[in-house]
């Protein structure tokens, strides 16, 4: 093939230009993302049982739905929560690659089977089945510049005018409002109700009657008289609109003819529909909307669309209303991709300089440089064809590919230059001869490297998706690189290179010194190799010791899934003791805000807090803060990284009394959890009951707290059992007094909860009407005695006459995992430990708990456990495939052994570099390790290929052949290896956005390549001679 293109250079150029055009078009159309669709798709089923406590919801709703979710294709695990507000949520997580649409349809079909078994009140409320991500993409906050709008004004405007348009924006899965729109609030006074012989149900029924939209029909409607001349709509009654109009609702007419109006027994006002959350931006009243990404949607596109929509809507905002973004994960995605692009350019420049240093000929150097954009753009075209995106993983693959793809072109150019110099041939003839010598080696390198990366494409789960991105990117670039090295590169060599002048090229002073030094080094290397081959047994023992060291390093290197990143944002949770009020929670959140805005003012840009909300559940004792940091360019230095900021905050905020305040970083993959660290589900496998499971959980937390050198921040991601005020109704006594149980329940529910009645019109929008006891009449236990129920004879009877009260404890939020009662435990690895170490430590602690208590990993930890199980198989398959590929290529069993023995030399370098830098054995390291395996084998192939050829064609002995081959190939091996090492150097020294991933990939590969080069050039000749002798003996035997 090479000879064909040497004679047709224009054709070679045409193919290269077509590849570049295709790649250019692909780049313009490829979507950009931080990661591909790594996270498995999730489907969430949400239901509401009004008035039910957590246990009732779990027994009558959650379990009924769970028990019908069997036989779903690709279901990995299922988690659920039931809370005291009557809410049930079941989240089903499916295998990566499962179609979210099909999963949603299957879940809906299974839900239909459960519907007849659910309470009627649940069915009336409706059950939703959503496919949005559980994680927050961004938060838009709304504030009043001059303070003219209070938090309820802001929240009402946002709920009425902004929430719905945003929820319809492309890519948005769901939105969550931090605040509430207005509602008509009817605050009842029990003493006045009793005075007029009224109960809450009377008020509700009259509101329903008098605040109603009636369809009055028409005058002159069809069918009509033949001479009918009039047609008009009849308006009978419309909905009320103001508190004054509601206050005039007639409740009853007394015997003396006087009227009792709603305002006589209640205070009527325009208030919030929901008072459960309080939002603040930098301590000022605010409202917010959390945007959650639709499953499979692109984060950057969605964020852009949301901001464009808000910008459009801002033209209609009240004068003082302003939008800010206190939490946005997309700037990190943009900047991290830009950083990798920058790394790509830096790698190309460094590779060019290395090639120029060794080739010392601009014409020769420009040829491999031309191959770089051709192959890279061609790879983008392939990525587009297979449906990939421009993301961190594919860009890392490109950076690694630069060192690989110039290798082929360097090998071609270097050998052509050698043939021109040694054989005094013109460039075209020299290129023909050179390609005959190295064509098989190029194919061998391509086969080996493709064989290394191919098994990665068949791994499963989120880890498999990461491997697949690297695999397809690297294999595509490698195959294109070999094609270019056998088409465009020889054509360029034949046309661009010049014949060697008499006496050879005259290098400048710098190159002359380099050449002199290199020639001396080459001679020293040749002499050293000859010495090594006289005592191969000794050096095989050294090799075995290196292998033993590799095994020790493997066991010593901590494991994790993905490295943590400084994403420019993080969160802080605050949890107060059970029963704490919103007033206390708001004060704690203000302390958190003050700390970040004063002690960390050089790093923190804004703080947005939400009282009453947390990932562990909703409640007055819960709070969450979204902290946005200043740009990375303004936070230079390790002390200003998110990790350092969190560590300082953890110490400072631990001093806040009567609250557990915990700052935490975001997970590497947003859709796989809400926090970094580990995520464990403690399971009640033995059906021990809620109390025993709580005791086991507390024991686990106590054991974990005793080992701060292993794990830190171990905490339950749930709500503690809270005091509950139980009203025991004596049904027999109530019946004897003529009081209906339904009336008792209605009175208690309305007074101490609230009752939704119907709707009213406010500023052209339909809003809700609620009836509830006034604040003074539902604050204390004694308030229960202020409420009366009318009996069958019309007499008012106090609740205390037929009921008793007592204090008890109960859970406001119950959890289940795969249909088993559970409690979620979150935590972080201690300094110097990886999440893999922390997970193993926690698993050992669970083994000390009472029988019947088990555990399971979920979220990011589930994927980490899965990846650690797959890694050994991946390494083994890759090595076997490489061995078989070499055996098939060389029609020999001995040559593959000579090549494969070099692999541990690269691996020990990768492990040593990773260990010295304090990094862990994560997915990026594993990809780097496979790259190291391929590159180690490549260097060995370059030497062994020439040795075999000399043995076959010139009849040399194995020792003579391998010494000469090693001498001849030393220069291209060092050149390609140094080019690759410097190509990944920008990854190793990267800092700022995305540096965690860049360091993880670059460090292992650089260390592995350095060791593989320095050690392999000495050990490959030893391996070759030892293997040839062993196989020769075997054949004789």
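Each residue's number is its place along the chain shown, starting with 1.
Every residue, even glycine, has its Cβ placed from backbone N, Cα and C.
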Read off the topology recorded in Swiss-Prot and answer whether residue 8 and residue 525 share one side of the membrane.
yes
Can you say which of 535-555, 556-576, 577-597 is given as transmembrane segment in Swiss-Prot?
535-555
Which listed range (370-390, 472-492, 871-891, 973-993, 1007-1027) shows the maximal number of Cβ pairs under 8 Å with respect to the transmembrane segment (441-461)?
871-891
Long-range Cβ neighbours of the transmembrane segment (1007-1027) (under 8 Å; 6 or more residues past either end):
525, 528-529, 532-533, 536, 539-540, 543, 546, 894, 897-898, 901-902, 905-914, 928-929, 931-932, 935-936, 939-940, 943-944, 947, 958-959, 962-963, 966, 970, 973-974, 977-978, 980-981, 984
Considering only Cβ pairs within less than 8 angstroms, which of the stretches 370-390, 393-413, 535-555, 928-948 has the most against the transmembrane segment (472-492)?
393-413
Taking the transmembrane segment (393-413) as the reference, which of 10-30, 535-555, 871-891, 928-948, 973-993 gives the largest number of Cβ pairs under 8 angstroms?
973-993
If you run through the topological domain 'Cytoplasmic' (360-369) with DSSP, how many residues end up as helix, strand and coil?
8 helix, 0 strand, 2 coil
Helix, strand, coil: count each for the residues of the topological domain 'Cytoplasmic' (949-972), based on DSSP.
21 helix, 0 strand, 3 coil
